[in-house]
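Step one of this worksheet: look at the structure below.
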Amino acid sequence: MLKMSAMNRKFIQNLAETLCKQVKHFDKRETECLIRLFSGLLGEQAERRAAHGLDRVRFRHILHNTFGMTDDMMMDNGTSPIWMRTRIIIMPVFRAFDKDNDTYISVREWVEGLSVFLRGTLDEKIKFCFDVYNLHGDGYISREEMLQMLKDSLIRQPTEEDPDEGIKDIVEIALKKMDYDHDGKVSYSDFEKTVKDENLLLEAFGNCLPDAKSILAFEQHAFQEQHGH
């Protein structure tokens, strides 16, 4: 396999031409920029790992430093219900990018993931967030998965005697809101209908998409600075 860090210009151009026909939202020049950025990020990994793609550690670093998505990031905008005041959940986001589940993000997965991350339609973002929240990959967000995600993400008050009880109550509220067919879990259809009725619930179980300011900063870096190289 040709190492990304050693890619020549012609190879990048040909790869960009192929990918931009298969991935929505980016033209050929933008796709080239994303490939060059990916190549640079691979160069910061150990050679053995770089041959496969971006690993979890590097991806976590990218979310933190490139998109400003940190473990302390609050998505509460003052109007969100209490059960939406969450921290980012990073590893499920990695899995949503890593479509073939090989524990590395390939250049194709990088471009495909960023197309939704940066410019996705509401439908694409609904699918992405559902994939993030569907921890077990069985096509449903279960009560147990909700409990796990909210335990990992909700900001707890130090005075709470039994914070898990409060989280269980929030899970029941979420199920009542989202579980249209009353089967005790949230299907893709349930989630899609809920979010289309109320867009604020897109990231109900943890922040997994960058904000507009971070998107703008990333695009300026990727598409202007990279193009100048």
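The backbone N, Cα and C atoms fix where each Cβ goes, and this holds for glycine too.
Here TrEMBL flags 93-120 (among others) as domain 'EF-hand'. In the predicted model, the domain 'EF-hand' (93-120) has a mean pLDDT of 95.
What TrEMBL lists as domain 'EF-hand' is 121-156 (among others). With DSSP states grouped into helix (H, G, I), strand (E, B) and coil, the domain 'EF-hand' (121-156) comes out at 23 helix, 4 strand, 9 coil.
Residues or ranges marked as domain 'EF-hand' by TrEMBL: 166-201 (among others).
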